[in-house]
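Enquirer: The structure's right below; bear with me while I get my questions together.
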């Protein structure tokens, strides 16, 4: 009996349906989505420009912040343009290769951002608990190597998903009831056992994220213990303010992600369109709100934004 050719069952294209049940509202939904995407591009672009042009911000904390901005831009740009094309033009068709590429960069940027947040927690830990060693521990070489490790870890975790999907036969419908391609969503269209995909897609990336969260939590336990030992209230307030921005960003990143995972696992009675709207939270909110949080709560960023964008204009008006 000749072997069954699975490659013949690899689809040429998939169809992204958007938000099932809300097709008539796609145009209205696209307005806030597009606004948030443009705001995310502007905010993260400003953060990158200010850090790049101001030499005084070439410190580990701000270099990690620039990495976070790049990850945010990749996270949103991987999904939002195609999502808006689905909403505006009903252009839901996407090739199999393009769908796998979108899936890869989506999950990779999420994994990389998680490790960058861990690196930022370590930065605050050293700055507060071992301030005299800060310069020798967090050198520019260490910061660059940390960024490379974040990229390498993301690649090693997510790249196997491509092979796990390419081995599957797709002999049924090719409609993905979502606004973007993600691993388990693609696997559910296959006409074969996908238990390996579900196990790997949930266990391995989830375990890596949980390790990051645990290490971040441990870092902040030591940070809080060190803060309460500070004799000066002014010093405690300053240290709390430098950590406050990072804590807000952590909550904005992990809460939507974990909430989405829990909804998929336990919210079987929740309508599908609610699932999809919530799944869009972690590709929209962190890129939108991270630069706002750091811009509002970090005095150095506010001062440099004013210096770069406001002062030159006022100088020209005086001339």
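Using the three backbone atoms N, Cα and C, a Cβ is placed for every residue, glycine included.
Copying in the features that TrEMBL gives for the protein in this structure:
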type	residues	note
TRANSMEM	27-50	transmembrane segment
DOMAIN	43-294	domain 'G-protein coupled receptors family 1 profile'
TRANSMEM	62-81	transmembrane segment
TRANSMEM	147-165	transmembrane segment
TRANSMEM	209-228	transmembrane segment
TRANSMEM	240-262	transmembrane segment
TRANSMEM	274-294	transmembrane segment
Enquirer: Give the mean pLDDT for the domain 'G-protein coupled receptors family 1 profile' (43-294) on the 0 to 100 scale.
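Expert: PLDDT averaged over the stretch: 90.
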Enquirer: Can you work out which residues elsewhere in the same chain, 6+ from the ends of the transmembrane segment (240-262), have a Cβ less than 8 Å from its Cβ atoms?
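Expert: Here the qualifying positions are 68, 110, 113-114, 117, 120-121, 124, 127-128, 202, 206, 209, 213, 216, 220, 223, 227, 278-279, 281-282, 285-286, 289-290, 293-294, 297-298.
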